[in-house]
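Below: one structure, written as structure tokens.
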């Protein structure tokens, strides 16, 4: 009875958030945390990795009689591992207390996992003789947080061996990271399963670059079911973490090969950035696509060219306090102080600029929309039921029996 009451309360909270998140809209919009086909874990890669391997398909669809339901739902681990979410929450809070930079790292890790073929923990896999790791894709080479997820998973294995998936660990850890960084809480269903394959080539091609145009950004998100409003809200995660000077240096010194700064960048902000990011002829070209994507993170201060590469704090010393998570980012865009070219592009079209303006002036609207979009992202093309597996180590696929 208690479990039923708790489940009803959580569902009611989700409905409340969804409903009140629409009151501030200038026009009615329906948001959903589910994408078509997600509940069965169906994916649509350009070419199925199983087309020529019946044995692998059988392995991927392994029989698991323990899963009575093939859909996500609240309190999925209530009977099998009732302390799972508490263990994850406590773990993230402990790490965050010692190293706050873990928050943007985990949010970025979640995005890089979910954006490429769904939230299936494929980004966590190491390379072996049978697969090429997504970690080797250029946009993923600066990812951090793998050790944190692996540590939490090991703690869960001590209590509930072989029960909680790495995919669920990652989405729940990212939610706690958002909360620790001053962002909103959002309810999440659980029951995801882990992929047995990785998608390096797709990650290389599809993760948006810091230099992406607005057309590319909207197209990449649009093919995954995210509209302009949801896309702009997810960019709000760029209000935390740090990023390399390398990925916006061209805007300061040689925008589009002109030998001049980007005219869309506030002149005072230009001078501020130039102090932190002096010109370096050795800096790699931003066209490589190796960059923070969405959201930016806390990766180190040495450029791939081997020289010292300065960094910029995306929170600007926690400007406005934690309750301005996200909002500070949009206010800076309105002042032409967007750091990445892709950031400032959001003000270049009416259909995205209207949401930049709205979020800059209405903190609660942003927090509701960001929560809804993170719920939707966390549920994107998940594997459930007989699809996938539950890894015991997040970096390794379970051996075929």
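Quick reminder: no glycine exception, Cβ is built from N, Cα and C everywhere.
A TrEMBL annotation is a machine prediction, not a hand-curated record.
The active site, proton acceptor feature in TrEMBL is assigned to 112. According to TrEMBL, the feature substrate binding site maps to 208. The heme b binding site annotation in TrEMBL covers 238. Annotation comment: TrEMBL describes 81-160, 114-119, 166-394, 245-277 as disulfide bond. According to TrEMBL, the domain 'Plant heme peroxidase family profile' annotation covers 71-398. What TrEMBL records for 1-20 is signal peptide. Per TrEMBL, site 'Transition state stabilizer' is recorded for 108.
Ranking the disulfide-bonded residues 119, 160, 245 by other CB atoms within 10 A of the CB puts 160 at the bottom. Over the domain 'Plant heme peroxidase family profile' (71-398), the average per-residue pLDDT in this prediction is 89. The shortest Cα-Cα distance from residue 394 (disulfide bond) to any of the recorded positions (112, 208, 238) is found for 112.
Cα of the residue listed as 'substrate binding site' to Cα of residue 166 (disulfide bond): a distance of 24 Å. Residue 81 (disulfide bond) has 166 as its nearest neighbour among the recorded positions 112, 114, 166, 277, going by CA to CA distance. With the fewest other C-beta atoms within 10 Å around its C-beta, 81 stands out among the disulfide-bonded residues 81, 394.
A distance of 19 Å separates the Cα atom of residue 277 (disulfide bond) from that of the residue listed as 'heme b binding site'. Rounded to a whole number, the distance between the Cα atoms of residue 119 (disulfide bond) and residue 245 (disulfide bond) is 30 Å. When the Cα atoms are compared, residue 119 (disulfide bond) and the residue listed as 'active site, proton acceptor' turn out to be 9 Å apart.
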